[in-house]
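One structure is given below, encoded as structure tokens.
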Amino acid sequence: MTSTVPSTPRQSGQIGGPADPIGGVPGAPMTSRAAQLVARVATGLDGAPVQMPAPYTGLPVATLPQAGAAEVRDVFGRAREVQTRWAARPVRERQRVLARIADLVLQHQAEALDLVQVEAGKARLDAFDEVSATALVAGYYGKHSARILAPKRAAGVLPLLTTAKELRHPKGVVGVISPWNYPLALTAMDVLPALAAGNTVVQKPDNQTALSALWLHELAEQAGLPADAWQIVLGRGSVIGDTLVEESDYVCFTGSTPTGKRLAGQIAERLTSYSLELGGKNPMVVLPDADVRKAAAGAVAACFSSAGQLCVSVERIYVHESIHDEFVRALAERTEALTLGGALDFRAGMGSLTSEDQLRTVSSHVDDARAAGATVVTGGRPRPDLGPYFYEPTVLTGVTEKATLFREETFGPVVSVYPYSDVDEAVARANDTDFGLNASVWTRDPRRGAEVAARIKAGTVNVNEGYAATFGTVGLPMGGMKDSGVGRRNSAEGLLKYTEAQAVAVQRGLRLRPPRAVPARVWTRVMTSGIAALKRLPRR
Ligand code: NAP
């Protein structure tokens with residue numbers, strides 16, 4: 001195996017720094033816009049406000065009011081009042097609001113890109129992933145909700161005499177808890193289908209990235225969403241989480257596996273339904289026939305988009321031994337060509353980590369892997385010269401089982417590459433994890449790729465792509481197996497989870513008990529023949 005000398009990814013123009021507060025970025029008066037957005041939630045909150053720093057600079061962008069339990073209860077009360085009126089609107093009308101949101105997001109994308117960059121610290125192209133995912137998901141439910149929610153006929157127990165259909169009713173008020181890493185896209189993916197189904201929503205975004213959620217909220221009201229149908233509460237999970245869970249008729253949580261497990265315990269007490277979108281340790285398998293250069297380019301996007309702070313990003317790569325060294329060289333070369341920087345333009349290929357906590361975790365995982373015998377092929381250093389939380393995209397080889405990141409999610413721009421000798425071994429190693437969120441397979445033979453994909457225990461698997469093919473195909477379900485979650489977002493499933501199924505059957509003529517004149521023995525014989533005959537009827 002060949003190692004390349006660690007090098008320094010290039011840097012682009014920076015913004016921020018003590019003399020250049022982020023609010024002063026030309027063309028992006030973010031602090032005043034932030035204040036306008038925050039004003040949308042600023043009434044009646046009495047928790048101590050918190051300051052939200054911009055990752056590029058560490059300087060504050062917004063002061064966020066914080067709710068306490070009493071405010072959260074008030075907000076749910078208002079959401080409950082509006083819910084029956086919102087649900088009474090025809091689905092097509094609700095659907096049209098979502099279709100308009102899709103248009104507005106595309107029209108006003110420049111502002112969304114600025115906001116996502118400023119509060120999450122990501123590169124502008126990665127922020128555009130959020131804009132496109134938001135428009136795609138709003139467009140999808142803006143087009144398909146009425147079809148998905150339409151009453152479905154089912155074959156009744158007695159042909160012609162039992163007419164049966166399945167209805168879908170909204171759950172009520174849905175509580176949505178969102179993380180900081182994909183603030184716009186995950187808000188859209190979790191909130192919009194809940195609204196389309198006739199629910200109202202109370203969302204708790206992460207303080208770090210509340211502005212993106214507030215921005216989409218503003219657009220939704222412009223698109224015709226009634227006031228209070230979607231409300232945003234700001235506050236720490238440890239302070240308002242319990243109340244939010246207690247008040248919700250359905251909880252949609254996206255975040256880490258430990259928090260998800262804790263919440264699931266609380267929710268189960270109340271027999272409320274929920275979905276959990278949790279962490280991953282996503283593998284990529286490079287088959288022996290793969291195009292090495294394409295696979296390496298794909299790996300850079302799969303591992304370093306949003307500085308690796310993406311639940312579906314790749315952290316483990318298994319490469320056939322015949323092409324392992326060539327792959328590592330190509331990956332290192334492309335990684336070193338990534339431009340790091342924090343500017344509100346498209347020059348940088350990778351942005352900053354989002355917080356000091358993230359920098360601490362990433363640094364400690366890499367240092368620990370190194371101490372446990374790993375080789376740092378490239379990267380492996382913080383870059384305070386670029387901004388307080390920048391860290392180089394990092395490729396490791398020779399990672400041993402002793403290293404924390406061998407099994408644990410790093411959630412940063414760090415990937416480990418391992419050689420394997422046969423495909424069964426690669427599949428077994430890909431599956432040797434408690435997680436099961438996303439995976440990627442690279443090959444010149446798409447059919448072979450699809451066969452291997454089906455053997456990997458992950459909720460989404462991409463062939464010749466890292467994550468974007470499934471992530472962008474919003475008509476497909478997205479979510480995790482094993483410790484990566486419960487339930488799915490996107491697709492029909494992501495809408496139906498926010499509904500209660502109701503079966504309605506109308507019986508005519510014969511009842512389903514023997515008439516008084518017919519002995520039970522005769523009745524059971526007739527029914528037995530009938531059930532057997534039903535089995536033989538052609539399927540409809
Ligand atoms: P986290 O610490 O679990 O926090 C996620 C959200 O939950 C935040 O808004 C947080 O707010 C809130 N929260 C924490 N404790 C709570 C409680 N007791 N009650 C109610 N809410 C509570 O996760 P994170 O570090 O922000 O996010 C990164 C993780 O999310 C990674 O593991 C990543 O893989 C995962 N993720 C998964 C997906 C997916 O689709 N599967 C998508 C994105 C991210 P506070 O911070 O205010 O407490």
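Each residue, glycine too, has its Cβ placed from N, Cα and C.
Bear in mind that the values here come from a model prediction, so they are computed numbers and not experimental data.
Per TrEMBL, the features are:
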REGION    1-29  region 'Disordered'
COMPBIAS  1-13  compositional bias 'Polar residues'
DOMAIN    52-504  domain 'Aldehyde dehydrogenase'
ACT_SITE  GLU277  active site
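Long-range Cβ contacts of the residue listed as 'active site' within its own chain (separation 6+, distance under 8 Å): LEU186, ASP190, CYS252, PHE253, THR254, GLY255, CYS311, GLY479, GLY480, SER484, GLY485, GLY487, ARG489.
Mean model confidence of the domain 'Aldehyde dehydrogenase' (52-504) amounts to 97 (pLDDT, 0 to 100 scale). Reduced to three states, the DSSP call for the residue listed as 'active site' is strand.
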